[in-house]
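Presented below is the structure to which this report refers.
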Amino acid sequence: MMTTVGLTGGIGSGKTTIANLFASQFSIPIYIADTKAKELIAQKDSLQKEIKSLLGEQAFVDGKYNTAFVAGIVFSDQTKLEALNQLIHPYVQEDFLQWKQNQHSPYVIKESAILFESGSYKDCDYIITVTAPLEERIRRVILRDKIDRKTIEKRIKNQWNDENKIKLSTFVIDNRDFDRNLDKIQTIHCKIMEMIDENAEN
Ligand code: ATP
């Protein structure tokens, strides 16, 4: 089985930035679970039905996912958020496994904001967590998405804290600035390749 490396980190930590470096420097295939989840919600009628019965008919307007309505509910209701993630997770997992079969690489990276929260970390061989100071993350997201601090803070509250993520991670990338990010991913890439080789020998 090809090795799966999970890549996660809180909102604004720089997951996508780091994932792009693995792709550009080492041609590692990247599966972006958050984007795929949105595609699957748009495509799968059975999933749409399940979401409607959890959150209400308004979750879709003219067949389109009503993200504002959904966010309004789930980011103030942890139970609903978890239930929604549990509905989506099996679809993403199946899609990921299919995608992985078509990749030709020593390992693939699965990037997800909710790698731990969804339980999907259990299917990864190794895990990379990207961290950055909370204030810096909030500042980045305000700049990138033009959304207000309150909304970002609400989302952060629903994510696991870094301490708990780090405990279950193989590698941690401190992404407080862009300095040495190339060195950091080079080191991690080499270690992953070594571990893959060691496992192949055993
Ligand atoms: P989300 O969970 O919201 O998708 P993310 O963890 O994938 O976020 P990115 O989109 O990679 O984070 O980065 C968030 C923003 O911060 C982007 O605009 C990115 O260009 C910027 N950024 C990433 N890394 C750094 C860094 N080391 N220093 C300054 N800005 C950074």
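A Cβ is built for glycine as well, from the same backbone N, Cα and C atoms used for every other residue.
Positions annotated as ATP binding site by TrEMBL: Gly12, Ser13, Gly14, Lys15, Thr16, Thr17.
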Least Cβ-crowded entry, counting other Cβ within 10 Å, from the binding-site residues listed as Ser13, Thr17: Thr17
Number of Cβ atoms other than its own within 10 Å, given for Gly12 (ATP binding site): 23
Neighbourhood of Thr16 (ATP binding site), C-beta criterion under 8 angstroms, separation at least six: Ile32, Glu111
Cβ-centroid neighbours of ATP site Gly12, Ser13, Gly14, Lys15, Thr16, Thr17, 8 Å, sequence order: Gly9, Ile18, Val130, Ala132, Arg140, Asn175
